[in-house]
Amino acid sequence: MKLNKIIEGCDVQSLIGGTEADVTNISNDSRRIKEGGLFVAVTGFELDGHKFIPGAVANGAKAVVLEDPAAVLKGHADVAWILVRDSREELARIAANFYGHPTEKMTLAGVTGTNGKTSTVFLIQNILKHAGRKTGLIGTIENRIGDRVVATERTTPEADELQALFARMLSEGVDSVVMEVSSHALDLHRVDHCKFHVGVYTNLTLDHLDYHETMENYRDAKAKLFERCQAAVVNMDDPQGGFMLQKAAGKKKLTYGIGREDVDLSAKNLRERLDGVHFTLTHEGREWEAYMQTPGKFSVYNGLAAIGCTLALGIPMEIALQALATESRIRGRFEAFPSPTGYVAIVDYAHAPDGLQNVLQAIREMSEKRVITVFGCGGDRDKSKRPVMGRIAGEMSDYCIITSDNPRTESPERIITDVEVGMQKTGCAYERITDRKAAIHKALSMGEKGDVVLIAGKGHEDYQVLGKEKIHFDDAEVVLEFFKEVRK
Ligand SMILES: CC(=O)N[C@H]1[C@@H](OP(=O)(O)OP(=O)(O)OC[C@H]2O[C@@H](n3ccc(=O)[nH]c3=O)[C@H](O)[C@@H]2O)O[C@H](CO)[C@@H](O)[C@@H]1O[C@H](C)C(=O)N[C@@H](C)C(=O)N[C@H](CCC(=O)O)C(=O)O
Ligand SMILES: Nc1ncnc2c1ncn2[C@@H]1O[C@H](COP(=O)(O)OP(=O)(O)OP(=O)(O)O)[C@@H](O)[C@H]1O
Ligand SMILES: N[C@H](CCC[C@H](N)C(=O)O)C(=O)O
Ligand SMILES: [Mg+2]
């Protein structure tokens, strides 16, 4: 594609060189640039992309988008230098132009909120599949083209990877895509120039203040989705639901909630079991019976969000309910493993206060005896949630083991101490076991008939990040190996 087409609509401050060159690849990562490439130099949080301009040019970049005029390389008249105000914003526009605005040729639904995004997008994809749509999914666990899995590193990919993925989906016949839209992505322009037919709001609770600093900034980042989507599906039981609805002024709206009549889609009469939850659904004066394979009130919210989204996309209620009843299990989300000795271990991805509280609430309502909780908090992430999670776990469990999550570059002991501050206020019996495998083994060896052992925080993750190193680690695998030894 010609460079002038690729930078169409960009806020160009000045330009050195011609724009007739054919550009064959684009990236904001110099290491990915190949002959004929366009490199976008981004001023990052850790590194300055302008420093990698020589590397990008050495790899064959024929155009460079940059914010700092001092970074233009002398003696490279064959390279076009495009000076802009905000490289991240231009990266999104350039990516959409380069890949031909794929989201304008497909149906796109985006889900945002602190908790429930991954769960809800899986439910939506299953409903869309049931309805005969050719689907794509983009989220934390993996991306999917139909049933084929494409690995991912991020909840919401960077703009260039994202547009490339949409284009690939389109070329493989996908007509409907559902994606998680993280607040980071909204704030960092990763989803600019994506045409969202539906935006779904789950909830807003404490997390990511390391990045957003205040809950208002965090809320405003999430709200951007509702300024852009054509139809909004909003949880009115969440205190910020009204705010999101306001942002969607003048658009189609569908509200949901539990046990209330002033919403479009309402659930009542929840009946919880360890293998799922039954409830009664009301929509446009009619009632339906619904079942989902993951228990907990929070699952009902995810179910309502998914039904709301697919109704907004024109899919009949009956199809949505069929899909929910048969395909609503999600890896690492309230995944239950019955032990040979009669207790149940649950692996769950709760890594923020609200998620932990919801999961423990669901377990409390079902467990006959003790609840033993193993958990920790991630390093290099929001520190304010640590004591809060400690308090919640302590208040809602009979015994806790505080362990490591992904300590990253922080001291695991320090993180545990931060969690312990909240735990100590509760009087709950607990211990610290830094090694996650040893912590899980201890909890499983304590389990007796009727108990529930909750292993929270890492869900589907098959790794642990210690320092800068990533090792293989899988909570479910540790549980299953332990049970195998018990059976011997
Ligand atoms: C805040 C954030 O999202 N930061 C991400 C971002 O950092 P950054 O853009 O500031 O980049 P940087 O690492 O400082 O580098 C600056 C620039 O130099 C470039 N570079 C770098 C090295 C090189 O050799 N050549 C080169 O060109 C980079 O591509 C980049 O454009 O781009 C980096 C490279 O792609 C990411 O590693 C980094 O992810 C950080 C580590 C991260 O973990 N992000 C998390 C918080 C995140 O995005 N999470 C959300 C939500 C999670 C949820 O669901 O709750 C997500 O969507 O995943
Ligand atoms: N609707 C919900 N409300 C509150 N908690 C929830 C909800 N759905 C799931 N949870 C809890 O939060 C955890 C994370 O859920 P999920 O992975 O669906 O969220 P997410 O928004 O995708 O998270 P992330 O931001 O890390 O991608 C679950 O394992 C569960 O403990
Ligand atoms: N999307 C979340 C995931 C946290 C998962 C937890 N296991 C951790 O590593 O902190 C985040 O980036 O904050
Ligand atoms: Mg997710």
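Using the three backbone atoms N, Cα and C, a Cβ is placed for every residue, glycine included.
Secondary structure at Thr118 (ATP binding site), taken from DSSP and collapsed to helix, strand or coil, is helix. The ATP binding site feature in TrEMBL is assigned to Gly113, Thr114, Asn115, Gly116, Lys117, Thr118, Ser119.
In the three-state DSSP classification, Asp405 (meso-2,6-diaminopimelate binding site) falls within coil. Annotation source TrEMBL lists meso-2,6-diaminopimelate binding site at Arg381, Asp405, Asn406, Pro407, Arg408, Gly457, Glu461.
As annotated by TrEMBL, domain 'Mur ligase central' applies to 111-309.
The feature N6-carboxylysine is assigned by TrEMBL to Lys222. Taking a C-beta cut-off of under 8 angstroms and a sequence separation of 6 or more, Lys222 (N6-carboxylysine) has the following same-chain neighbours: Thr112, Gly113, Ser183, Leu186, Tyr201, Leu204, Gln240, Met244.
Under 8 Å from some Cβ of the motif 'Meso-diaminopimelate recognition motif' (405-408) lie the Cβ atoms of residues 351, 375-381, 415, 436, 457-458, 461, 463-467, all in the same chain and six or more residues away from its ends. Marked as motif 'Meso-diaminopimelate recognition motif' by TrEMBL: 405-408.
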Residues flanking the ATP site, with Cβ no more than 8 Å from the Cβ centroid of Gly113, Thr114, Asn115, Gly116, Lys117, Thr118, Ser119 and excluding those residues themselves: Val111, Thr120, Glu180, Thr202, Asn203, Asn302, Gly355
Close in space, distant in sequence - Gly116 (ATP binding site), Cβ under 8 Å, 6 or more apart: Thr202, Asn203, Phe298, Tyr301, Asn302, Ala305
Largest tally of Cβ atoms lying within 10 Å of a Cβ, found at which of the binding-site residues Gly113, Pro407: Gly113
Cβ within 8 Å of the mean position of the Cβ atoms of Arg381, Asp405, Asn406, Pro407, Arg408, Gly457, Glu461: remaining residues of the chain near meso-2,6-diaminopimelate: His351, Gly376, Cys377, Gly378, Gly379, Ser404, Lys458, Gln464, Val465
Among Thr114, Asn115, Gly116, Lys117, Thr118, Glu461, the binding-site residues whose C-beta sits under 6 Å from ligand 4: Lys117, Thr118
Rounded distance in angstrom between the Cα atoms of Thr118 (ATP binding site) and Glu461 (meso-2,6-diaminopimelate binding site): 13
